[in-house]
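S.K.: Pasting in a structure now, in C-alpha cells, and then I'll have a few things to ask.
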2 protein chains.
Amino acid sequence: MKKNIYLFGPGMGEGNAGMKELLGGKGANLAEMSNLGIPVPPGFTITTEVCTYYVQHRKYPSDLGNEVEQALKRVEKAMGAKFGDPESPLLLSVRSGARASMPGMMETILNVGITEETIPGLIKKSGNERFVYDAYRRLIMMYSDVVLEKAQGIDPEEHGIRKQFEREIEETKKRKGLKDDTELSTEDLRQLCQTFKAKLKEVLKVDFPGDPTEQLWESIRAVFKSWMGKRAISYRNIEDIPDDWGTAVNVQAMVFGNMGENSATGVAFTRDPATGDKIFYGEFLPNAQGEDVVAGIRTPQPLNEATKAVLANELSSMEETMPQIYEELNSLQKKLETHYRDMQDIEFTVQEGKLFILQTRTGKRGGAAAIKIAVDMCEEGLISQKEALLQVKPEQISDLLHPMVSPKAERTATKLADGLPAGPGGAVGQIVFTADDAETQSKEGKKVILVRAETSPEDVHGMHVAEGVLTSTGGITSHAALVARGWGKCCIVGCSALNIDVSTRTVKVGGKTLKEGDWITLNGTKGTVYAETLPLFPADPEKNLSYKKLMIWADEIRGLKVRANADTSEDAKLSRKFGAVGIGLCRTEHMFFGPERIKLVREMILADNKEMRQKALGKLLPYQKEDFIMIFRAMNGMPVTIRTLDPPLHEFLPHNKSAQAEMAKQMRISPEALREKVELLSEVNPMLGHRGCRLGITYPEITEMQVQAIMEAACELTKKGIKVLPEIMIPLVGTKEELHNQREIVVRIAEVTKKKYGVDVNYLIGTMIEIPRAAVVADEIAEFADFFSFGTNDLTQLTFGYSRDDVVKFLPDYLENKILANDPFQTIDRKGVGELMKIGIQRGRLKKPNLKIGICGEHGGDPKSIAFCHQIGIDYVSCSTYRIPIARLTAAQANINSQ
Amino acid sequence: MKKNIYLFGPGMGEGNAGMKELLGGKGANLAEMSNLGIPVPPGFTITTEVCTYYVQHRKYPSDLGNEVEQALKRVEKAMGAKFGDPESPLLLSVRSGARASMPGMMETILNVGITEETIPGLIKKSGNERFVYDAYRRLIMMYSDVVLEKAQGIDPEEHGIRKQFEREIEETKKRKGLKDDTELSTEDLRQLCQTFKAKLKEVLKVDFPGDPTEQLWESIRAVFKSWMGKRAISYRNIEDIPDDWGTAVNVQAMVFGNMGENSATGVAFTRDPATGDKIFYGEFLPNAQGEDVVAGIRTPQPLNEATKAVLANELSSMEETMPQIYEELNSLQKKLETHYRDMQDIEFTVQEGKLFILQTRTGKRGGAAAIKIAVDMCEEGLISQKEALLQVKPEQISDLLHPMVSPKAERTATKLADGLPAGPGGAVGQIVFTADDAETQSKEGKKVILVRAETSPEDVHGMHVAEGVLTSTGGITSHAALVARGWGKCCIVGCSALNIDVSTRTVKVGGKTLKEGDWITLNGTKGTVYAETLPLFPADPEKNLSYKKLMIWADEIRGLKVRANADTSEDAKLSRKFGAVGIGLCRTEHMFFGPERIKLVREMILADNKEMRQKALGKLLPYQKEDFIMIFRAMNGMPVTIRTLDPPLHEFLPHNKSAQAEMAKQMRISPEALREKVELLSEVNPMLGHRGCRLGITYPEITEMQVQAIMEAACELTKKGIKVLPEIMIPLVGTKEELHNQREIVVRIAEVTKKKYGVDVNYLIGTMIEIPRAAVVADEIAEFADFFSFGTNDLTQLTFGYSRDDVVKFLPDYLENKILANDPFQTIDRKGVGELMKIGIQRGRLKKPNLKIGICGEHGGDPKSIAFCHQIGIDYVSCSTYRIPIARLTAAQANINSQ
C-alpha cells in the first residue's frame, strides 16, 4: 500500500529535503526542518501522487480518509489541542506545495476548524475574542473565495464573493469612521461574520459549513483543484512546469501572529535579494497574520536596523521591539542558509512570544544579486566554485548587460501596474501611443516608451526606436514579446490594468490617467511599471567584481568555446570585451546597406549581364575589403567566420512606389523598368527562394568579389604582421555539389590573391548546416568542408515548416494548447531539429573525425540550447554580443552537469 | 597493360554484347554480331576508357598508336586491301559509339583513306570513277565539317564550311540544270573536290590532308572531342547520361552502297516501330551511301511489299528489285530479333550484290507500338511475361492516355520544326500569341495553341485553356515545360526555328510565315510541329487489347498498390477505370471553390468569432457531405483517404482590388475592412505559414465540420448497404501533439455521428508525413496514426529549402551545372528526401510494425520514384489519375527488378 501522508513537526518528521517530487517543495522543506530541529508548527503532507490520482480519477485513493485521521491525531497530540473540540480546538492551515515554487498561483486556506461550536473554546483559550472573530471572518472570506467559488470553476473577478465581503468591511469602516482593519471592534467583526454568511447564502445559495471536518476536506479538494486552475496552468506554461507533477497539500497546525502585541508575522531573506549584500533582510507586522504581509494592506516594519537602513523605513524594527525573538530568528536563519547552501526566503510567525518558522525556501533574486551571492558564498567557503556557477541562472547575467532600474530607487517607488516580463532591463521614457508617434518624437530627440494594446508587424518601426514597449494584452509569446526579446529590448506585455485610448492619447490605470508625454519607467526584467522616472544603472559588467570572478571561473571550466555573431568592428570589439574567442558569424549583407553601398548593390542587381555585374561588384570591393580589415584588426588573430551573401537580392530593392521612383531617378532608369525588375525578383516564399549559395552559384562573380575582399584584407594585414584567421562560410548548402562549386571559387580566388600579395594566409572553407538535407547528407558535404556551423534559425524553420515571420499566427495557440512546450525559435527542439543536428554531426565526423562544428543561430545564446550543444559534441556556440557572457556561464554549467 | 582495342568482323570478334560499357553499344553489337556470324564489315573498336583518358589528359594512352597499327593490319588482311595503298586502298569509317544510344548527337566520318594518291587505285578497283570522286567529295565535306570545324570548337551554323560546300553543289546543279545529286557527272564531282579544297584553304586556312594516317587519327580525335561537344552534353543532360561514360570509336572497313545499281543501303526494323505490327519494316536507297538515307535528300524506297502498303509509297521495293538479297536480309533480321529478344533497328549496305549488316540495335518505338510488341513477343513465346513488362518504358503508357497524333498521318505530313518534347500527347489548334488572346478565343469556343518565346507565371491562365503550348526558347526545365508537365498538357519547348513577332501576331519558320488563327499540330511526345491539322486519336486505352493484357500481367506481379489522387467523383470514376484500388488523396479544399461554396468559405474566414465561423461552416456542411457521398459511391467500398483542409485561408480571398471590391459588395462589408482582413491573413512565406493542421488546431470547428460531413456521408451510405471505408488524413503534422489534438476531434465527432445514425462505420485516422520533423519523430507520431502518407511535394520543398513556386529561378542553372542530377520535384531525391522517408518508415514501424504507409506527392506517378518506394517498403503509391497505369507498370517492374 502506498503511503499517502507524511508527518512533520519537531521530533516527528517522516520525510526529508530529497523528497520534493513526492512532498512538494514546501512539504519536503517542512520535513527537513523538522529533522534539523527548526521550530515548525506540526502537521502532515498529502503527497503529489494523491493530486495526480485525484486529477485523473476525480476521487481520492481509498485509504486517504483513514490516513488523514491518524495523522491528525498525532498533530493534535503535539499541539495539545483537538480539531473541532469545543474546549481546546486545534486550527489548521491547508496549503498547496508543488515541486517547483509557483508563488501566488496556488491556494491557501487558513483557520480551518473555526465553527460556531469551537468559537467559545477558542475565545476561552486565547483570551482574545476579537482575534477569534477576526480569524473566523478571515476563514469565511478565504473559504468562500477558494472553496466555494474558484474550486467550483467560478472566476471571481470584480463581482466575486471576496470582493463583496471586502466592500462590506469598507462600508463598516466608513460607517464608523475607521481607517484600518485593526480598528474594527469585536462586535464589528462578529457582525461581519453574520453578514458574510447571509451574503453567501444569497449569492452562492450555500451555507457556510459548520462541520470542521467538511471544512478540512473541502479545503484539501480545493487545493488539488487549483492545480488545474487557469492561472496555475498558464503559470506552468511560462515556467515550463509539467502538468503531471501535481501539487502536494500541507495541513499544518495554525499558529497566530495576531494574538496581541507579543505576536507577529514576517518574511525574511538571509541576504538582501535585490543587491545580494550579506545582511539579514526582512519585514514583519506585529499582531498580524501572514496574509496581511503579502496583501500589503498595512505597511510592514523592518526586521532589523540593517533593513531599516536599506529601505529607509523609519518604523521600529523587530531587532528593537522583540530583541530576544529576533536573536533566535537570526541564529535560525544562519543555520538554514548554511544547511541549504543558498540564500533562503523564510516565513515566520511569533505567537505570544514564541517563534515558529512556517516556511523556508530558496530566495528569488535579481541577476546582480545572484552573482554577488554566489561569489560571496564561494569566498566565504560555504559553497564550491562549481556550486557558485550553478547557482546563477544564465539569464540573470543579462541584468548586468542591460541598463537596470536602480533597485534602491525601485524599493521606494510606487508601482503603477504589473505585467509579464517580456524583454530584459529597464527603460525610462515619455509615453507615445502609436508607432508613427514613436518614430517622429524619437527623431526629435525624445526618449519614448511605446504603449499599445498589442503590437503588430506594422508597429515594428516604432518599437525599434522606443526605449521600451508596454502592452496591455498578450502573453510572453505575443508579437511584442517575440520582437522585443529578439532585440533584447525592454518590454512588458499583458499589463491588463492599462486602459488605453489611442484617440485621446491617454491611458487609465486604476484611478490614474496618464497622457502622451508623461514619463514612465519599465522594469522589463520584473514586469513592473512606475509612473515616474527612476534612475537607471548603465550596463557596465566590467565594473562588477563578482561578475568578473564568476566569468573567470566559468571560462576555466567550460568545454564549449563561445564566439560572437558580429558584423561590424564595433560589434567585434564589444564581443571581445564580453569574452568571445572569435567571430562565429559575420553577415556580409549587413555591410551592403550603407548609403553609398546600397547604390552599388542595386547597380549590380540591375545589371543586364555578367560584365556589368562585375563592374558594379568591382566598385563594392574596396568597401567590403575595408570592412574586413577593420574586423580582422579588432579580432587580432582570433578566427573570423565570414558568411558569403545570404539574403535574396530583392531585399536590397525598395518595395513601395515612392522609394522605387526615387531609386529609378537615381539609377537613371525608368520606374517601369525598375518595377519590372522588382517583380521579376519577387518570390512567393522568399525564405525558400533564390538566396544563400544559390546566388553564388548563379552569380559566381558575387562570391568571387567577396572572397577577393576577404583575402586582400587578410593579405594586407598579414604583411603588416597582424595575425588573421579568416573562415569563409557558404550559406544554405543542401548538396555537396553546391559546396564543391563554391569551394572551387574560394580556393581559386584565394590562391590568386595570396600570390598577388606574396604572402601566405591560412584560411578555412566551411558551410552552414541549415537545410535539413544538409544534415542528412553531412558525410558527403564534409568532404568539401573544413567546418560546419549549424544555422539553427533556418534549420528550425525548415524542420518544422514554420516561417519565422508568420509563426506568430499560430504559435500562441500552439503554446497554449501544449502542442509545443517551447517556442522552437528560442530553444532548440531536441527531438526534431536536435535529432537532425545529431545526424549531421555523426555523419559529418564519420567522414572527418576532427571536423570543427559550431552553431550560429540565435539558439547559440539560449541556455537550454547551449546545454544541448554541449551534450551532442559541438565545439563552439556563436551568439549575439549581449548573449556572450550568458553563453559562457551556460557552457560552464553544461560541463559541470555532464561531469 | 590495358587492352585499348577490340577487333570485330567475321571470325575475328574479340568482344561480346555484354561489353557495352567498354565498347559502347555499337561496338559491343558489332562484336556480338561477329560472334553470331552476321556479315558485318571488319574493323576495331577503341574503348570508352580511351575516351575518358583523352578527355582527362588531352592525349592518348601511350600504346594506342601501336595497337591501332596492329588492328589495322588484321582488317586489311580480312578485306584484302590496304589503308593508303595506291593499288588496292582500304577505306574506313570512323564512328562514335556510346554506351547509350545518342542518335544524331555524335560524329561520323566516312571514306577515310581517300587521297589524291589512292584515287587511281580506287577507280581501278571499283571501275567506277564517279563513285570515287563522289566518295572523295563526301569525305572532304564531312572531314571539313567534323574535324576541321566542329572539333576545333567552331559552331558551324549557317555560315559553316559544310553549308558553303552544299551551296557550291547547288550552284553546279543550277548551272547545269540538274535536279538531283546523282545526276552530277564525274567531272562535276572532280571539279567540286577541287573547289572544296580551295574553299577550305580560303576559309579555314588549312589544306585538306593528303596523308590517310592523318585523316584517320584526326577523325578519331574528332569523335572523342564530340563527346564533350555542346549538343552532346545537352542531350546527355536531358537523357540523364553521365559524362564519364565516354564514347567508344569504331573504325571499320567501308562497304559501299553506291557502287552502281546492284549496290544499296538501308535501314530496317524487325517490326513496325510506329504501330508495333509484326511486319519487317524498312526503307532503302539503291546506289547510295547510308548518309543519303538519314539526310532525307532522296526519297527512300520501301523495303518490301508490307512496308509499301504501310507507307503508301509507290516506289519499287527491295523485295521486288533484289529478291535474293532481300531474302538473306529477312532471314538475318529474324535471327537478330530472336537473338536480342527485342525489336531491332538494322542498318545494312549491299555492295555490288553482297549484303553487309552495318549495325543493329534495339529499335526506338512509340508507346502503343512498345506495348503491342512486348505483348506479341510474349505471346509468340519469344520472351516471358516479365520480360514483356520490362520491355515497355512506363512513360510510354501515357501515349495511350492522351490524345495522340495519328502515326499514319504523321508519316506523310511535312514537319514544320522540331523542339524539345515537354508535355505528352498531341494537340491541334489555332495559333494565338498571348495568354489573354488564348483566354478570349477559347471562351469563343476556339481550340488554341499558345505560341510564345517563353512563358512566365503571368501566362498561366492562357496555358490552362490552350490545347497545347509551343515555345521558341527554354529547355525541359523552363517554366512552360514545368507547368505543362504538371498538368499533363501537350507542350513543345525550345523550338528555336520559330521567329515570333507578337506585335504583328506572326511567326516565321524557315521560309514560312504563320499568323494568328492558322492551324498547327503538335506532337508533344516527340517534339514535332506541323503546319496543318493532323487527326488525333482520342485516348481510350480500354480498346487496346495489348494494353489490357499487359496491365493484367502488371497487376499480377506488382507488390505496391496504386491509388489515385482524386478530388471529385468524376476523377474517382476515371481512376477506377485506370485501375486504382482506392483514393490515396482527396483534397477537400478543391471542393471549396464552387461559386456558392466560395461565398460560404469567405463568410467563415471573415467571421469575427467562433460562433459566426460555426454558422458559416454549418452552411458548408451539406455541400461537403454531398461531395463525399458521390466519391464514396464511385469508389464503392474501396478506401478513400480524405485530407482535411490544407491551404492557408488567404488562398480563398481575392487579391486584386476589383475582385476585392466585388467581394466586399457581395459580403456587405466595406472594401477597407476586407482589405484589412486580406492584409492580416497575408504571409511572408505562405508555404511555411498558417495552413494544414495548424488551421484545424486554431479553428477546431473546421476539422469538426469536415469530419461530420465525411462521417454523415459514410453513415448514410452504410445504412443503404453501400460499403464505405473513409481514411481521414491530417496534413502538415510535425509533432505528435498536433496529430493527437486532431485525432481527438475526429474520434469525438465520428462517434457522435455514428451514434446519431445508429450504424457502425470503420474509419482510419492517419497523417501526412511531409514535414522533415515528422519523419524524424515518426515513432512518436505513429502512436496516434493508423497510417502514414508521404507528401513528397512539401517534404521535398522543406528538405531542400526550395519553394516550388520560385525554384525556376535557379533550378535551370542547377541542372546545367550539375549541382542537381534531376529536378527533385519530378523524381525523388533518394539521398536527402529519400533518406528522411527511410527514417520515417523505420521509426514509424518501430512503434507500429504493421503501419500502413503510402505516398501521395506527385512523385507517386514518377517511375524512378515508384521504384524507390518499392525498395523502401511503402505499401501504396497514390498519383494523379492519368499516371495510374504508369504507376501500375512501374510497380510491376520494380518488383521484377528486386527479385
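Each Cβ is built from the backbone N, Cα and C atoms, and glycine gets one as well.
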S.K.: Which residue of A:Arg576, A:Arg587, A:Arg694 does TrEMBL report at the same substrate site as A:Arg643, A:Glu770, A:Gly791, A:Thr792, A:Asn793, A:Asp794?
M.R.: A:Arg587
S.K.: Would you mind pulling the longest C-alpha to C-alpha span across A:Arg587, A:Arg643, A:Glu770, A:Gly791, A:Thr792, A:Asn793, A:Asp794, which the record has binding substrate, in angstrom?
M.R.: 15
S.K.: Cβ pairs under 8 Å with the domain 'Pyruvate phosphate dikinase AMP/ATP-binding' (A:64-303): which stretch of A:21-58, A:326-376, A:446-527, A:547-895 has the most?
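M.R.: Between the stretches A:21-58, A:326-376, A:446-527, A:547-895, A:326-376 has the largest tally.
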S.K.: When you measure from the Cβ of A:Asp794 (substrate binding site), how many other Cβ atoms are you left with inside 10 Å?
M.R.: 24
S.K.: Taking only the Cα atoms, work out how far A:Gly791 (substrate binding site) lies from A:Cys856 (active site, proton donor), in Å, as a whole number.
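M.R.: A:Cys856 (active site, proton donor) has its Cα 6 Å from the Cα of A:Gly791 (substrate binding site).
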S.K.: Report, in whole Å, the straight Cα-to-Cα distance of A:Cys856 (active site, proton donor) from A:Arg587 (substrate binding site).
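M.R.: About 11 Å separate the Cα atoms of these two residues.
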S.K.: So, in DSSP terms, is A:Cys856 (active site, proton donor) helix, strand, or coil?
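M.R.: SS state of A:Cys856 (active site, proton donor) = coil.
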S.K.: In the same chain, outside A:Arg587, A:Arg643, A:Glu770, A:Gly791, A:Thr792, A:Asn793, A:Asp794, whose C-beta lies within 8 angstroms of the Cβ mean position for the substrate site?
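M.R.: Here the nearby residues are A:Leu585, A:Asp646, A:Pro731, A:Met768, A:Ser789, A:Phe790, A:Leu795, A:Cys856, A:Gly857.
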S.K.: Could you check what DSSP calls A:Asp794 (substrate binding site) once collapsed to helix, strand or coil?
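M.R.: Its secondary structure by DSSP: helix.
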S.K.: Roughly how many angstrom lie between the C-alpha atoms of A:Glu770 (substrate binding site) and A:Cys856 (active site, proton donor)?
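M.R.: For A:Glu770 (substrate binding site) versus A:Cys856 (active site, proton donor), the Cα atoms are 10 Å apart.
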S.K.: Tell me the Cα distance separating A:Cys856 (active site, proton donor) from A:Asn793 (substrate binding site), rounded to the nearest angstrom.
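M.R.: About 9 Å separates the two Cα atoms.
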S.K.: Go through the recorded positions A:Arg587, A:Thr792, A:Asp794, A:Cys856 one by one and keep only those whose Cβ is less than 8 Å from a Cβ of chain B; report them in sequence order, or 'none'.
M.R.: A:Asp794
S.K.: Go through A:Arg587, A:Arg643, our binding-site residues, and report the one whose Cβ sees the most other Cβ atoms within 10 Å.
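M.R.: Counting Cβ neighbours within 10 Å, the top one is A:Arg643.
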S.K.: What number of additional C-beta atoms lies within 10 angstroms of the C-beta atom of A:Thr792 (substrate binding site)?
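M.R.: A 10 Å sphere around the Cβ of A:Thr792 (substrate binding site) contains 29 other Cβ atoms.
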S.K.: Under a criterion of Cβ-Cβ distance under 8 Å and sequence separation of at least 6, what residues of the same chain contact A:Cys856 (active site, proton donor)?
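M.R.: The list for A:Cys856 (active site, proton donor) reads A:Arg563, A:Asn565, A:Gly584, A:Leu585, A:Thr641, A:Met768, A:Ser789, A:Phe790, A:Gly791, A:Val877, A:Ser878, A:Cys879, given in order along the sequence.
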S.K.: Could you round the CA separation between A:Arg643 (substrate binding site) and A:His479 (active site, tele-phosphohistidine intermediate) to a whole angstrom and send it over?
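M.R.: Computed Cα spacing between A:Arg643 (substrate binding site) and A:His479 (active site, tele-phosphohistidine intermediate) is 29 Å.
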